[in-house]
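Peer 1: The following feature annotations were taken from TrEMBL:
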type     : residues         : note
REGION   : 1-58             : region 'Disordered'
COMPBIAS : 24-51            : compositional bias 'Low complexity'
TRANSMEM : 203-222          : transmembrane segment
TRANSMEM : 234-254          : transmembrane segment
BINDING  : H254, H400, H404 : Zn(2+) binding site
TRANSMEM : 274-292          : transmembrane segment
TRANSMEM : 299-318          : transmembrane segment
TRANSMEM : 330-351          : transmembrane segment
TRANSMEM : 363-382          : transmembrane segment
TRANSMEM : 402-418          : transmembrane segment
Amino acid sequence: MESATNLLERKKSVSDLSAEVEETSTATTGLDSSGQSSAGAATTATTTATQHGSDEAEEDIFEQVQMILRKRRGWGPDDSLSTNDLHLLEYDDELGEEDDAGCPLPSTPEDTQLIEAEMTEVLKAGVLSDEIDLGALAHNAAEQAEEFVRKVWEASWKVCHYKNLPKWLQDNDFLHRGHRPPLPSFRACFKSIFRIHTETGNIWTHLLGFIAFIGVAVYFITRPSVEIQTQEKIVFGAFFIGAIVCLGFSFAFHTLSCHSVEMGRLFSKLDYCGIALLIMGSFVPWLYYGFYCHYQPKVIYLSVVSVLGVLSIVVSLWDKFSEPALRPLRAGVFMSFGLSGVIPAIHYSIMEGWFSQMSRASLGWLILMGLLYIIGALLYALRVPERWFPGKFDIWGQSHQIFHILVIAAAFVHYHGISEMAMYRVMYSECTVPIEPVTF
């Protein structure tokens with residue numbers, strides 16, 4: 001009984017000790033977690049003593065409490081923990097329960113340093129977090145503002161004077177007003193198709209021609225084989241491909257030339273490559289039906305035309321080839337390529353005679369086609385009529401628009417000429433190769 005009574009008294013002292021230690025920790029540090037660990041350690045020790053009821057457990061309790069006090073206040077070898085000391089902490093524990101929401105000041109320099117270090121880390125973390133959040137918020141706001149400004153600009157841009165254009169958009173100084181400003185958006189560029197500016201006529205002339213030739217090509221290719229054989233479809237297909245690619249690239253270039261330096265340079269190269277493909281495609285049907293019964297010269301001329309076409313494409317890919325100062329060079333390159341057809345025409349006239357060339361080879365239509373191309377190229381190179389009347393043909397009637405119209409006209413004239421040539425060759429050819437009649 002006595003040991004049990006002593007044990008109960010010691011347990012009560014330990015409980016008082018744990019309560020006083022918890023109050024002391026809370027009152028001295030507030031932010032330091034050692035106060036909470038003190039109460040937890042004391043409570044744990046109490047539970048251990050209750051479960052085991054042994055002297056060893058009690059000794060462990062006092063050792064843990066002494067370690068806590070050593071940490072919370074200066075410790076000397078003469079210091080000892082008595083039962084009276086434990087009772088003195090009971091009142092502090094009661095006050096600590098009422099002040100849990102407060103932030104007591106530290107009681108030792110070590111506590112002050114510990115709290116300052118912890119507060120510094122917390123503040124730094126908080127500031128960094130705020131900076132990240134504010135930075136992200138500012139970035140998102142800037143993007144939204146930029147998007148808003150871009151949409152407003154796309155919807156409300158106005159044409160400008162030539163002198164206000166960036167250098168990479170300055171192409172024809174005889175066109176003064178009505179130029180599109182840079183529009184760094186594909187959507188804005190394509191929407192500009194429906195606005196009035198210096199490129200409106202250039203865009204629509206070749207856009208309509210592009211659509212027209214697609215329709216003609218589809219009609220021709222889909223005709224029954226009893227009317228048009230596959231071989232003829234392939235020969236005419238070379239011309240259709242050249243015309244469609246040329247007109248399509250031209251439409252794309254004049255639409256997207258104001259997008260950026262890179263896009264303008266890229267589509268200008270494609271535009272010139274399209275011209276070379278149109279000339280190549282135009283040669284194929286004429287040489288095929290002109291030398292219908294002469295295989296060797298036909299193959300030679302088609303090979304030469306292919307080589308010249310590839311060379312023209314290579315020159316078109318040269319970066320400086322699209323510069324305004326080299327406009328005469330561009331016209332000269334493509335005119336020379338087209339006029340190279342004079343050589344096979346002379347060869348044919350010697351071999352078949354002039355009358356045969358006019359009737360069977362539809363030379364009259366081919367001459368008209370060549371004249372249209374030449375006139376258009378000369379107007380393009382000389383920039384007539386705007387050269388004679390600067391600022392008077394800014395929107396309509398400028399040389400480039402006339403050039404576009406003549407190109408489309410020449411392409412349709414060529415289509416009519418090679419159709420008559422093919423019809424005559426297939427129906428009235430004296431070649432031994434049996435070919436069924438075709439109609440166009």
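Glycine is treated like the rest: Cβ placed from N, Cα and C.
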Peer 1: In the same chain, which residues outside the set H254, H400, H404 have their CB within 8 A of the centroid of the CB atoms that define the Zn(2+) site?
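Peer 2: Apart from the listed residues, the neighbours are E199, G201, N202, I203, T205, H206, S250, Q401, F403.
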Peer 1: Would you mind listing the long-range same-chain contacts of the transmembrane segment (274-292), meaning Cβ under 8 Å and 6+ residues beyond its ends?
Peer 2: 235-236, 238-243, 245-250, 298, 301-302, 305-306, 309, 312-313, 316, 334, 337-338, 341, 344, 348, 361, 366, 369, 407, 411, 414, 417-418, 421-422, 425, 429, 431
Peer 1: Residues of the same chain, at least six outside the transmembrane segment (363-382), with any C-beta under 8 angstroms of its C-beta?
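Peer 2: For the transmembrane segment (363-382), the far contacts come to 282, 286, 327-328, 330-332, 334-335, 338-339, 341, 345, 357, 399-400, 402-407, 409-411, 413-414, 416-417, 420.
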Peer 1: Considering only Cβ pairs under 8 Å, which range in 203-222, 234-254, 299-318, 330-351 makes the most contacts with the transmembrane segment (402-418)?
Peer 2: 203-222
Peer 1: Looking at Cβ-Cβ distances, which residues of the chain lie under 8 angstroms from H254 (Zn(2+) binding site) while being 6 or more apart from it?
Peer 2: E199, N202, I203, H206
Peer 1: Which residues, given as numbers and ranges, are at least 6 beyond the ends of the transmembrane segment (330-351) yet have a Cβ under 8 Å from it?
Peer 2: 272, 275-276, 279, 283, 286-287, 290-291, 294, 297, 301, 304-305, 308-309, 312, 315, 321-322, 357, 361, 363, 366, 370, 373-374, 377-378, 380-381
Peer 1: State the count of C-beta atoms found within 10 angstroms of the C-beta of H404 (Zn(2+) binding site), not counting that atom itself.
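Peer 2: Counting Cβ neighbours of H404 (Zn(2+) binding site) within 10 Å gives 25.
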Peer 1: Does H400 (Zn(2+) binding site) have same-chain partners at least 6 apart in sequence with Cβ under 8 Å from its own Cβ, and which are they?
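Peer 2: Once residues fewer than 6 apart are set aside, H400 (Zn(2+) binding site) is near N172, G201, N202, Y380.
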